[in-house]
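Here is what Swiss-Prot says about this protein:
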BINDING   70-75, 117-120, 153-162  FMN binding site
BINDING   T322, A356, 386-389, 404-406, Y410, 419-422, Y599  FAD binding site
BINDING   S519, R520, K525, V526, Y527, V528, Q529, D561  NADP(+) binding site
DOMAIN    64-202  domain 'Flavodoxin-like'
DOMAIN    234-448  domain 'FAD-binding FR-type'
Amino acid sequence: MTTQVPPSALLPLNPEQLARLQAATTDLTPTQLAWVSGYFWGVLNQQPAALAATPAPAAEMPGITIISASQTGNARRVAEALRDDLLTAKLNVKLVNAGDYKFKQIASEKLLIVVTSTQGEGEPPEEAVALHKFLFSKKAPKLENTAFAVFSLGDSSYEFFCQSGKDFDSKLAELGGERLLDRVDADVEYQAAASEWRARVVDALKSRAPVAAPSQSVATGVVNEIHTSPYSKDAPLVASLSVNQKITGRNSEKDVRHIEIDLGDSGLRYQPGDALGVWYQNDPALVKELVELLWLKGDEPVTVEGKTLPLNEALQWHFELTVNTANIVENYATLTRSETLLPLVGDKAKLQHYAATTPIVDMVRFSPAQLDAEALINLLRPLTPRLYSIASSQEEVENEVHVTVGVVRYDVEGRARAGGASSFLADRVEEEGEVRVFIEHNDNFRLPANPETPVIMIGPGTGIAPFRAFMQQRAADEAPGKNWLFFGNPHFTEDFLYQVEWQRYVKEGVLTRIDLAWSRDQKEKVYVQDKLREQGAELWRWINDGAHIYVCGDANRMAKDVEQALLEVIAEFGGMDTEAADEFLSELRVERRYQRDVY
């Protein structure tokens, strides 16, 4: 796009400022330019002089608020795309992350859109927990003047599919809100459903909200944008694996790898707290086994995203083979009329249990059938990348990114099975081999801005990963704030991940305290939550001193047990009852002093 620049004498910018402005906007799309224009208009109108000079609008325009509640970035992408659609339609829209939303203002919302994912056992994303609690509390206001719509993202391989969206949708209606549209529940392959839903939302809102004047069509309150980079989930960087080191002992029941990936001169940047997305390939041996069980050859042509590929290639690169789902089991049973599987159809609990305990290849082995190649790929879900908490800081490792990978290995009736991405990194990528990666930024898991703030890190197992990044960053920054680590695993001698590094940080005074829980080294099992209770008095002192608390690891059990221990510590040493302790912890969450990266 070429813009005719007025003579410099007529501009309020000097040549250097003009050059910087042109350089910054050269590659922007029309939608992005519109957003930038609106952003500067918003900045201008925050100035007192500008406020005084701005005439009052003739009539108040009802604003549209989009709340993004995202765990891995997908919900945020949908929310941002909807925001752009509404701006293009010249509607007044505000996009805000659930974690930044002042939820007590929800009663004043006229048009409210919620885009949410689900984590754990049907729980809302971390950034939406406080909002969810508020809406389900006695403090929630009536919403008779609010019209709303909900788009819910989930994974049908989990029992509580899209539960967070279902919760928000039902509660907003219960509080008196009017549904603009019926809720949409989208599976892993959500893009088509999201595109259709966005179009319907725009049409519905056009009749509700008048078209804005140019100065009103502004995307205000936009936070936690997908960071600008030439590399993304859909356009990953082809990097190289430089280190693959087993960091559990020879006799450990766990196979945990320290993986280092060379980013080269890509310029890819990340921060402690971010995740690394890894696109993996299925094991060729697994592909071969599945193809042969179905009496196929593997060279049959199939269509994937408009391209014709041999079946073997399609299965290796494009379809999920290591995670079964209730839908796949049900569809396979119906398609093959399997006498073993048909009795499960219609029984959600039995389907979920079977899918959780029986990989796709073993389902086919136990209930053999003959499918053509197209029927097979229509049965499967698209392959999706896996996210790993980043275990390094670029202040220390520069053009590298490190992750801590727990390799999933198990047997099904004597046959070795493994996780798709973890075994890809551990077993099938050779040194200097190619790995397609991208950064998934997570602004809801960040070190305190003030380097003097104390930090409490709770990360058993591979949950230790982001805290290695945190400590590298705190050491590089020479941050004077105290640091306290709680770590746990089965055995001290076999499972003390990054032991030498933690001991060095303690010796250097960077790590102020470390408490370790070894669950199998004594008769009575000890976990990190037990250590929290044991150190309750000191923990409360740190919290009173303004400490930020971070939890990383398993969402289903560990995170809940840790939160219960924190509530007990707060109640006992803070002199609160259960309800007050819960409110206190919720306030810490709202203040970003209690952050979790759980999965």
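Note that Cβ sites are derived from N, Cα and C of the backbone, with glycine treated the same way.
On the structure: features taken from Swiss-Prot.
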residue: S70; record: FMN binding site; Cβ contacts under 8 Å, 6 or more apart: R76, A79, N97, V115, T116, S117, P125, E127
residue: D155; record: FMN binding site; Cβ contacts under 8 Å, 6 or more apart: T118, F161, D187, V188, T325
residue: T322; record: FAD binding site; Cβ contacts under 8 Å, 6 or more apart: N282, L286, P359, I360, R417, A418, G419, G420
residue: T404; record: FAD binding site; Cβ contacts under 8 Å, 6 or more apart: I247, V256, R257, H258, I259, Y388, S389, A391, T462, I464, A465, R468, L497
residue: S519; record: NADP(+) binding site; Cβ contacts under 8 Å, 6 or more apart: G488, N489, P490, K525, V526, Y527
residue: V528; record: NADP(+) binding site; Cβ contacts under 8 Å, 6 or more apart: I458, P460, F486, F487, G488, D515, A517, M558, V562
residue: Q529; record: NADP(+) binding site; Cβ contacts under 8 Å, 6 or more apart: M558, D561, V562, Q564, A565
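Mapped onto DSSP classes, the domain 'Flavodoxin-like' (64-202) shows 58 helix, 31 strand, 50 coil. R520 (NADP(+) binding site) and G406 (FAD binding site) are 18 Å apart (CA-CA, integer value). In the structure shown, across all protein chains, G73 is the one of the binding-site residues G73, G419 with the greatest number of other Cβ atoms within 10 Å. In the three-state DSSP scheme, Q529 (NADP(+) binding site) is classed as helix.
For the recorded site, Y388 (FAD binding site), the DSSP three-state label reads strand.
Neighbour list (A421 (FAD binding site), Cβ cut-off 8 Å, at least 6 residues apart, same chain): V278, Y280, P385, R386.
When pLDDT values are averaged over the domain 'Flavodoxin-like' (64-202), the model yields 94. With respect to their backbone Cα atoms, Y599 (FAD binding site) and G120 (FMN binding site) stand 6 Å from each other. A simple way to gauge crowding: the CB of V526 (NADP(+) binding site) has 16 other CB atoms within 10 angstroms, across all the protein chains here. Close to Y158 (FMN binding site) in the fold, though at least 6 residues off in sequence, lie T118, each with a CB less than 8 Å from its CB. In sequence order, P490, H491 constitute the residues six or more apart from R520 (NADP(+) binding site) in its chain with CB-CB distances below 8 Å. Note on F161 (FMN binding site): other Cβ atoms within 10 Å of its Cβ, all shown chains, come to 21.
The C-beta environment of G120 (FMN binding site), restricted to residues of the same chain at least 6 apart in sequence and closer than 8 Å, consists of A555, N556, A559, V598.
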